[in-house]
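Below: one structure, written as structure tokens.
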Amino acid sequence: MSLQMVTVSNNVALIQPGFSLMNFDGQVFFFGQKGWPKRSCPTGVFHFDVKHNHLKLKPAVFSKDSCYLPPLRYPATCIFRGSLESGKHEYIIHGGKTPNNELSDKIYVMSVVGKNNKKVTFRCTEKDLEGDVPEARYGHSIDMVYSQGRSMGVLFGGRSYIPAAQRTTEKWNSVADCLPHVFLVDFEFGCSTSYLLPELQDGLSFHVSIARNDAIYILGGHSLANNIRPANLYRIKVDLPLGSPAVSCTVLPGGISVSSAILTQTKSDEFVIVGGYQLENQKRLVCNTVSFEGDKIEIHEMETPDWTPDIKHSKIWFGSSMGNGTVFLGIPGDNKQATSEAFYFYMLKCAEDDANEDQKTLANSQTSTEDPGDSTPFEDSEEFCFSAEANSFDGDDAFDTYNEDDEEDESETGYWITCCPTCDVDVNTWVPFYSTELNKPAMIYCSHGDGHWVHAQCMDLAEHTLIHLSEGSNKYYCNEHVKIARALQTPKRAPPLKKPPLKSLHKKGPGKILTPAKKSFLRRLFD
């Protein structure tokens, strides 16, 4: 194993925890930036070009018949082939977090439709499902199994937000384990079926999953309900006859306690587990080999690379597999220096350069830090705005001109929305109004009905009021709904007004002297 530091020449701030890497015929592509794609790269997908330990991000191109693909963090991804012998493959993407920390329940299919020396053209399509549709989630896994000439997707685990009825402004980003259901997804017919297996009692997230022919192996993971990382090893076997599928689960010995680890394949029947956590604030610096012989699986510790002091002492690390036995790792930079980078990056090669990836065995893992996005609602909604101009990329890497239809989802959700009839926040002219803002308009949650987000600037909120509402659990209603909300409240019963006796009006004394004009007025009033 060899460890080399990697320098990033452009747009290093795009690489944040929760990203994914996809390998198409030896070319690696980056997906999952923290903010919405902007005009410099409407697709949000970049070619991960590494040469001589130097990384350059080059914007990728999508075909005109592609759907919009939001930059999802912590999604489940896997390779899909029509058959085990097929040379071409597609990537399945399910779930994940949007830049507004909303969870996606959609399934996207990415494929290559054009390729030349300068660029690769992708097609992205959205797959609709019927039946037992998995709820929106992140930190889960999706893998493909092949049995008797048929293929099926297997989805398991993950986290989801607590039900909407239990969510408040204070606890808006609270999450819970998804139920330990196993979903079989038929991508050909667009249907999904859920199975509840007695061996799977607890929900798991950020586990490692390995697909091998007709079985899925689940290792490690984290359970929020129990706050443990059980050293379990499950084998989920799927039989696909012409009739109904048969799904079974077996608990195997020899599991490991780890979450958020990175899995990479080194040989046709061998994998390496890198990174992860054994406790909430303790990284797992041990690497393991996972080898198969038939249906038998063995997990052993292996010689670890010479970790640098920065890697050893950092509290978090994250990354993803680049394929061919190579792992891309990131750790936080040194914040003590004013010019330090947000993250430092390394490439760990777990196999020889001439190692060939087996086409029959596919691997998948939920790589991340232990979900650093779960913080206070105000901080958790931070968005990274892509501010680089188009000419910051190489001129020979031409890509399609910006098409506003590519960002149609931002009209429905996001910071660049029309939050009310008088909203005047414009992506092209917006400037910060509050010291709490970084590179996005400050927002507050309106509790009316199903709730919606509005700009604090448009609601004319003072900064101290904005902070107070963000930290508290009290409900807030925007200008458009505050009158409706008040109408729903029962007004407090007011005591009757006491009328002074008439004779007091004629009482003379200090301050009670009646002028001739007042006397004339009173005579006319009571006559």
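Heads up, the Cβ atoms here are built off N, Cα and C, so glycines get one too.
The feature region 'Disordered' is assigned by TrEMBL to 358-380 (among others).
Feature annotation from TrEMBL assigns compositional bias 'Polar residues' to 361-370.
Sequence annotations record features per position, and here TrEMBL assigns compositional bias 'Acidic residues' to 371-380.
According to TrEMBL, the domain 'Recombination activating protein 2 PHD' annotation covers 414-491.
According to TrEMBL, the Zn(2+) 1 binding site annotation covers C419, C423, H455, C458. Remark: C458 (Zn(2+) 1 binding site) has C419, C420, T422, C423, D424, V425 as non-local neighbours, by Cβ distance under 8 Å and separation of at least 6 in sequence.
Cβ environment of C478 (Zn(2+) 2 binding site): C419, C420, I444, C446, H448, H452, V454, M459 lie under 8 Å away, each six or more residues apart in the same chain. What TrEMBL lists as Zn(2+) 2 binding site is C446, H452, C478, H481.
Annotated region 'Disordered' per TrEMBL: 489-512 (among others), in sequence order.
Residues or ranges marked as compositional bias 'Basic residues' in TrEMBL: 500-510.
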CB-centroid shell, 8 A cutoff, Zn(2+) 1 site C419, C423, H455, C458, site residues removed: I417, T418, C420, T422, D424, V425, P441, V454, Q457, M459
Cβ-based neighbourhood (8 Å from the centroid) of the Zn(2+) 2 site, residues C446, H452, C478, H481 excluded: C420, Y445, S447, H448, G451, V454, Y476, Y477, E480
Nonlocal residues around H481 (Zn(2+) 2 binding site), in sequence order (Cβ under 8 Å, 6 or more apart): C446, H448, G449
Least buried by Cβ count (within 10 Å) of the binding-site residues H452, H455: H452
Other C-beta atoms that fall within 10 angstroms of the C-beta of C419 (Zn(2+) 1 binding site): 22
Densest Cβ neighbourhood among C423, C446 (binding-site residues), 10 Å radius: C446
